[in-house]
Amino acid sequence: MSLFNTENTWAFVFGLLGNLISFAVFLSPVPTFYRIWKKKTTEGFQSIPYVVALFSATLWLYYATQKKDVFLLVTINAFGCFIETIYISMFLAYAPKPARMLTVKMLLLMNFGGFCAILLLCQFLVKGATRAKIIGGICVGFSVCVFAAPLSIIRTVIKTRSVEYMPFSLSLTLTISAVIWLLYGLALKDIYVAFPNVLGFALGALQMILYVVYKYCKTSPHLGEKEVEAAKLPEVSLDMLKLGTVSSPEPISVVRQANKCTCGNDRRAEIEDGQTPKHGKQSSSAAAT
């Protein structure tokens with residue numbers, strides 16, 4: 001009995017620490033949304049991370065309702081659902097119409113359609129411990145997909161030998177969070193809570209190791225300038241997509257200026273070759289007037 005009480009005590013300690021760290025992670029976008037509220041525009045930010053976070057918190061909250069003695073798992077995911085709903089509501093209020101429509105489609109497809117399908121199937125087709133196992137398996141699968149997202153960043157760091165796109169503080173926080181929730185899952189002997197955090201800890205530790213290795217490196221000595229830019233292409237493309245709805249006039253004006261310069265060079269080349277420049281009569285009449 002003493003061993004059982006000790007395990008519950010450790011589960012409470014790790015669960016409480018996990019709640020505190022996860023609260024901080026959930027609140028980290030507050031400055032971003034304060035700026036959105038103040039400027040009344042989303043400035044090209046995307047809603048995908050918040051829609052995914054809401055779906056993840058909803059799944060884990062549903063899993064927690066099927067288990068006993070996991071109150072701290074309920075509290076953090078209930079808070080996650082609450083705060084992510086606020087973020088998404090603010091995004092919908094200030095986003096341009098295309099981004100707003102995309103967000104609504106994702107919410108209907110993933111958060112409403114996907115979750116309702118899981119809820120109905122699990123409630124009517126399976127019962128008892130089997131239901132908790134199936135929901136836990138779904139949560140693990142989704143969490144593994146979310147944890148695998150930083151792999152593209154890790155690839156970029158290795159290829160460019162630059163940690164520009166991998167903040168150390170965020171990697172450290174997420175690694176500590178994964179360790180705490182891993183210990184919480186082990187204390188509860190819950191493989192569905194523990195397993196995805198093993199992967200989260202491994203990826204977080206790898207990111208910190210890469211940060212130490214490449215901290216003072218800017219670019220790879222084995223990569224040319226074009227290859228470095230190619231390695232950064234996903235981030236650059238994302239930035240271009242985000243800025244496309246806000247600053248489209250600038251690229252257009254640049255293209256026009258480039259066309260003017262090209263036309264000017266063509267005219268000079270024609271004059272040097274002794275050919276009559278195109279639009280010569282129009283230019284003369286304009287000069288005469």
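A Cβ is built for glycine as well, from the same backbone N, Cα and C atoms used for every other residue.
Over in Swiss-Prot, the protein carries these features:
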type	residues	note
DOMAIN	12-98	domain 'MtN3/slv 1'
DOMAIN	134-218	domain 'MtN3/slv 2'
MOD_RES	THR276	phosphothreonine
REGION	266-289	region 'Disordered'
TOPO_DOM	1-9	topological domain 'Extracellular'
TOPO_DOM	31-43	topological domain 'Cytoplasmic'
TOPO_DOM	65-70	topological domain 'Extracellular'
TOPO_DOM	92-105	topological domain 'Cytoplasmic'
TOPO_DOM	127-133	topological domain 'Extracellular'
TOPO_DOM	155-167	topological domain 'Cytoplasmic'
TOPO_DOM	189-192	topological domain 'Extracellular'
TOPO_DOM	214-289	topological domain 'Cytoplasmic'
TRANSMEM	10-30	transmembrane segment
TRANSMEM	44-64	transmembrane segment
TRANSMEM	71-91	transmembrane segment
TRANSMEM	106-126	transmembrane segment
TRANSMEM	134-154	transmembrane segment
TRANSMEM	168-188	transmembrane segment
TRANSMEM	193-213	transmembrane segment
Mind pulling out the one from 10-30, 44-64, 134-154 with the most Cβ pairs under 8 angstroms to the transmembrane segment (168-188)?
10-30
Beyond the flanks of the topological domain 'Extracellular' (127-133) by 6 or more, those residues with Cβ under 8 Å of it
63, 66-67, 192
Averaged over the whole of the topological domain 'Extracellular' (65-70), what is the pLDDT?
89
Are there at least 3 C-beta pairs under 8 angstroms linking the transmembrane segment (106-126) and the transmembrane segment (10-30), leaving out pairs fewer than 6 apart in sequence?
no
Looking only at residues six or more beyond either end of the topological domain 'Extracellular' (189-192), which have a C-beta under 8 A from one in the stretch?
7, 63, 67, 70, 133, 136-137, 139-140
Tertiary contacts of the topological domain 'Extracellular' (65-70), as residues 6+ beyond its ends and Cβ separation under 8 Å
8, 11, 131-132, 135, 188, 190
Against which stretches of its own chain does the topological domain 'Cytoplasmic' (31-43) lie, if we need a Cβ under 8 Å and a gap of at least six residues from its ends?
86-87, 90-91, 94-96, 99, 246
